[in-house]
Amino acid sequence: APSIRLSPAARSLFDEPLAIAVQGLGPRQPVTLRACLRDETGELFQACARYQAGHDGELDLARCPALPGGSFCGLEPMGLLWALQPQKPFWRLVKRDVQTPFVLELEVFDGHGDPPGRLLTQAQHERAFLRDGVHRVPVRNGRIRAMLFLPPGNGPFPGIIDLCGLGGGLLEYRACLLANYGFAVLSLAYYGYEDLPKQMKELHLEYFEEAINYMLQHTQVKGPGIGLLGISKGGELCISMASFLKGITATAVINGSVANVGAVLRYKDITIPPLGISPERIKISKSGIADVVDALNNPLEGPDRQSFIPLEKAECRFLFIVGQDDHNWKSEFFAVEGSKRLQAHGKEKPEIVCYPGAGHYIEPPFFPMCEASMHLLVGKPVIWGGEPKAHCKAQIDAWQQIQGFFCKHLKGKPSGTSSKL
């Protein structure tokens, strides 16, 4: 009888590859494989692919290309994961509770029919976020609302503060996965969580300064400085923190802006206004999805220059991760202008790693690409950009780049990674 063989067998970390094979099929038997995953709200994500078994009745996804007609085709061992798509429109896969795994269901059907033929075999696999031995510590210290992840073993460990984007709240999954690699990572909320402000009307860098000091004073965090990691608005906040606050050694920015966006930013007697927006430049598709890539004004022109973050004041090293098909804003333009500004002031050129075909939400490996979802500021679904296969490859490489960058500048060790793209 056919059976699914997985390696690791029952459970793996979400950012780890999963080897999938089917044995016990007939010689050259056509089959359809389907992957299903439900998020914590119960929304279903699915992907399917058509295959043909080998002469020996074996089907190994690492050696056998998917045939046309499914969610992907070609040799894609992890295709059933990165090609998962929500059955509800404009829904993004997010992990809210890192203490429980996602459950992946795999099914094998006879033939290439639509709907598929009879079910031949099925299996379940847990995709976990928290490695055994990693400590998850809630932090309510002064004004700080955060979650600290400490790796197993004896510290101190290199420290990183992780900031998510515009959605607010506290998202722990990236911080938690990063802690699995030997970093003490603080996932920091900055609005829309517990007793923090409900809306992002104005942000005060003193709050983020408190978080930096908390990390630097923690017995399990190795000094003399810490790292910052942020995506989108979180990436832009990391640039602001590095520009005005002490104790930062390395800052990694995923599709961030070098201009302040969306809210007034204050620090002591300094005020940075938000970059202006021209709503008439938003394009709406026939299906009602907005493309906002041209909506922001140019921070190099007129009064909008006041919104440019003075990153030349920073005393740290920078890494910019750029999706060249980002439709949220012009990430590549921002990274290049940031680099020009740093070099014009005699600072070291930042590392910029660009990914063709990658959109805005460059997540840890094997998260399916989110093509479009609701945007808080726009109030309707927006397109985020990206082509699924290229985006997946970018996520795998960017994850290596980020770890390598922090290893080099926080641990003082080269990680041996180099960009594969």
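The backbone N, Cα and C atoms fix where each Cβ goes, and this holds for glycine too.
The active site, charge relay system annotation in TrEMBL covers Ser232, Asp326, His360. Taken from TrEMBL, the feature domain 'BAAT/Acyl-CoA thioester hydrolase C-terminal' applies to 204-411.
Neighbour count (other Cβ atoms within 10 Å of the Cβ, all protein chains): 25 for His360 (active site, charge relay system). Comparing His360 (active site, charge relay system) with Asp326 (active site, charge relay system), their Cα atoms are 4 Å apart once rounded. On a Cα basis, Asp326 (active site, charge relay system) lies 10 Å away from Ser232 (active site, charge relay system).
The Cβ neighbour count for Asp326 (active site, charge relay system), using a 10 Å radius and every protein chain shown, is 25.
Its Cβ taken as reference, Ser232 (active site, charge relay system) is surrounded by 26 other Cβ atoms within 10 Å in the chains shown. Note on the domain 'BAAT/Acyl-CoA thioester hydrolase C-terminal' (204-411): its mean pLDDT in the predicted model is 97.
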